[in-house]
Every structure is written in C-alpha cells, then in structure tokens.
Amino acid sequence: LDSIDGKHARRTQSSTPLGELFDHGLDSWATSIFVLSFFSVCSRDNGKTGVSVYTMYIYLSIVLFNFMCSHWEKYNTGVLFLPWGYDISQVVLIAAYLLTGTVGVEVWQKPLLFGYYITDVLVILLIGFSLFLSFPQTLYNIHRAHLKKTLKNDSLYEGLLPLVSPLLLFVLLTVWVVLSPSNILAKQPRLFLWMVGVAFSNVICKVIICQMSSTRPELFHWFLFPLALVVYAAISGLLSWTEEVVLGVFTALVTAAHVHYGVCVGRQLSEHLNIYIFSLKKRVQE
C-alpha cells in the first residue's frame, strides 16, 4: 500500500503536513525493521553460510544512508525525488519472503552461482545501486536546482547542515562496533541494529519537520551526547561486563524518547491544523 496513501489523501482533499510527517516518519523507522526482518530470513553467519553481523551493519547503514539522502535532497530542493531503486528494493524484499516461504530457508544456504550466495549478490546490488544510481541522482538533482536558482538554501553551510548529525551518529556507532571490548554487535545484533534504526529515525524526523517548516535543523542532535558518553565508557573498558546491560538501557530510553516525540508532534500538528490523526472529520473548534 506504500505510495497509495498520498494519492488517497489528494483524492479526498486531506493532504496536510501531518500526513507527510506521519508517512515519511514511519518510513524512516520501518526501513530498519525491514532490513532486520530480511536478516531473520537469511540467517546469521555460521562460518559457512548466512550473513555476518558486520555485513548486516553495513547493509543497514547503506539503506539508511539512501533514505537520508532523499530527504536531504528535499530539504535543499523542495522536491522529494525517490529513485526507482526504492521501488525495486520493496519488490526484492517481497520476493525474498515469497521465495523463503515456498522453497524454505535452505535456499539462502546454498551457493547460487560460482560459489556466491544470494545474499552476496543482493549486497553487491545494494552497494551498486547506492553508489552509482541513488547518490549520484541526488547530487545531480541538487546541482540542477542550483543551476535553475531554485535551491531553498543559498549557502553551502545551510545546505550541508542536515547531514552533520546523521554522519556523526554513524561515526559514533561505527567506533562502538569496531572497538567494543566485548564485541557488542556479535553478542546483541538485533538489539544493537534496532537501536541504530530508532536513533536514525528520530534524527531524520527532525530534518523532515525542518524541511516542511523551512526552519534550520539543529547542528548536533541531543542523542549524540549520551551516545558519545556510552561509546567512550564502552571502548575504554569502564563498562566491562555491563556493556550489554547499558546497551539495553540506552536502547529502551532512545525508543521511549522517539515514541514520545512522535506522539507529541502528532498531537500538536493535529490541533494546529484542526484535524484528527486517523479520521477525515474536522475537529470541532472551541
């Protein structure tokens, strides 16, 4: 049903910034959940087949990077251009579920061609689409808007501002993955990747709101400060055996904060626009 919600909203004359935020905000969170579900289908590396936890992290990071680029492009151009690779990814994911349901999980544990597994092919395709199609298309669209003098932000600083927090978030998380004394990603892959997706979603939601309201995003997202403390404590050995516990607590706090943020922003927009979130009926004005 993705892409149908906007058509329905325009047909019923109910298009609002709330609907846009609701759609793209949930997409930013669902993107990581889709990737996690795919990992559950093809299984974790057992030394012979499956996907390593580090490949999972890279795979998720690339997917989130593509999503971020689309909204960074809209922040600068005012137009959300989703490349056709976005639709292909959904079709591939559905095909993977159907293939697994029909043939069984064994299909992921047998070489496809020349000793390569299906997961290897999918990762290669993902990297190829990202580096040679999606990201270049984003840069081209921004460049074209610059030539047409339709950019919403004139200065380079303003244009690059939304990228600062997502990139710092990725750097901190990667440092934690690489330098963790207890190899936290291998011990808690689902929990860690869930936390990555939630933190990213909150950062992007704020970019979406700034893009809709034509306001400047904050330079450093507040998630970065507690995350930096946790990462420092983890890689320095201060956490010791409690690293997994701290990851669980931090993930719970980040998830609760994101849900609270979504509920509050949704309620504020619904009151401001005098509409209900899940209904076409107008609010009764006091």
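Note that Cβ sites are derived from N, Cα and C of the backbone, with glycine treated the same way.
Just so you know, TrEMBL annotations are computer predictions that nobody has curated.
The structure displayed is predicted, hence computed values, not measured ones.
Among the features that TrEMBL reports, transmembrane segment is placed at 51-69 (among others). Using a Cβ-Cβ cut-off under 8 Å and counting only residues 6 or more beyond its ends in the same chain, the transmembrane segment (51-69) has close neighbours at 27-28, 31-32, 35-36, 39, 42-45, 85-86, 89, 119, 123, 126-127, 130, 134-135, 138, 163, 166, 170, 174, 177, 185-186, 189, 192-193, 196-197, 200, 204, 207.
Summarising the annotation, TrEMBL assigns transmembrane segment to 81-100 (among others).
Remote same-chain partners of the transmembrane segment (112-135), defined as residues 6 or more beyond its termini with a Cβ less than 8 Å from a stretch Cβ, comprise 42, 49-51, 55, 58-59, 62-63, 65-66, 69, 83, 85-86, 88-89, 92. As annotated by TrEMBL, transmembrane segment applies to 112-135 (among others).
As annotated by TrEMBL, transmembrane segment applies to 156-179 (among others).
According to TrEMBL, the feature transmembrane segment maps to 191-209 (among others).
Taken from TrEMBL, the feature transmembrane segment covers 221-239 (among others).
Sequence-remote contacts of a segment are chain residues at least 6 beyond its ends whose Cβ falls under 8 Å from one of its Cβ atoms, and for the transmembrane segment (245-263) they are 25, 29, 184, 188, 191-192, 194-195, 198-199, 201-202, 205, 223, 226-227, 230, 233-234, 239. Residues or ranges marked as transmembrane segment by TrEMBL: 245-263 (among others).
Looking at 81-100, 156-179, 191-209, the range that has the most CB pairs within less than 8 A of the transmembrane segment (221-239) turns out to be 156-179.
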